[in-house]
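Worksheet for the structure shown next.
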Amino acid sequence: MAAGMRKRGRAGPAARAVGLCGQWLRRAWQERRLLLLEPRYTLLVAACLCLAEVGITFWVIHRVAYTEIDWKAYMAEVEGVINGTYDYTQLRGDTGPLVYPAGFVYIFMGLYYATGRGTDIRMAQHIFAVLYLATLLLVFLIYHQTCKVPPFVFFFMCCASYRVHSIFVLRLFNDPVAMVLLFLSINLLLAQRWSWGCCCFSLAVSVKMNVLLFAPGLLFLLLMQFGLRGAFPKLGICAVLQVVLGLPFLLENPVGYVSRSFDLGRQFLFRWTVNWRFLPEALFLHRAFHLALLTVHLTLLLLFALCRWHRRKYPVTAEGSLQKEGSTPAPHTQPDCFCPLHLQLHWHLLQPLPSLPVLRLVFPHIALPPVGHACTLAHTPAQVAGAGAH
């Protein structure tokens, strides 16, 4: 009798756990429509998609042919540094001179040794597969904190996107390395780790200069949070890290390093474009077209800064905090309402909207509405900024 009671007692917690799990599954099935529409289910949907991506990515690696584009050039450029060449003007690969900052050299030097001097492509693909899953996790964490995007959209971001898999595991570009550091930076900013967030942002820039496109959003966040004077130390972290990483090359040929790795006048070849393929090549290569795009971009940034990022209804005080009209300044208090801040992210990596060509043509910088959601996870300017992140 006593043994039977002990047996039932031991089985009790397990039975209750099974019962709770069954109730949770039944409730999830009953709310299956909300499961795809309610942002509060982001973590559940994200976990399922990450598990699915493990199988999909493994299948892509082993069933879809790898395409060589830049990997051999990356390895040749890194090999030049390994052999003792620190003059950037002397470092070249199959596709041309080395045009990426020093962070790229160090990271791909590690990949050079991990892949048998760049010859083990399958190993490189598996490393980039892990990088892809880490990127997915970081992106889903951003959405979980901002509670802004319905979970069904995530399927189009990863599982249904051939281009994302191609960029990561079929082409082995350096963009994924830069983007995973950028998404890590955004997560750190959401967690109010401003110094670490700036450090990771600078690391992302050191891999590829394109990440500088996000600098206006980061600058605005720093000004909103710390004010003009308080933002300088954070910007100093970004600058000092760039100098430290590039020091061996700066000591050898500073002009060559800066002009090659941060060349703002570099020409993009027409054969590599995707979004502007419909234009004649002569127009695409014309400097007037480049200046027109730059002008439109800067104009949009200015309009967003004046009309969307910062409402005049809640001006910024000298110390960098938000202040309602007619109220006394409170430098260290958090605002009661949300401020619509936005970071601009690359369109070609993990956008929160389906990659519809029409949307990408009409809305080059998607502006999500202000975050007034019932979710209480986002209260600070950095947390609200994540809602507009990509």
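Cβ atoms are placed via backbone N, Cα and C, with glycine included.
Feature list (source: TrEMBL):
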TRANSMEM  41-61  transmembrane segment
TRANSMEM  98-115  transmembrane segment
TRANSMEM  127-146  transmembrane segment
TRANSMEM  177-195  transmembrane segment
TRANSMEM  201-223  transmembrane segment
TRANSMEM  288-307  transmembrane segment
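By number of Cβ pairs under 8 Å, the transmembrane segment (288-307) is matched best by 201-223 from the list 41-61, 98-115, 201-223. Taking every listed stretch (98-115, 127-146, 201-223) in turn, the largest tally of C-beta pairs under 8 A with the transmembrane segment (41-61) is reached by 127-146.
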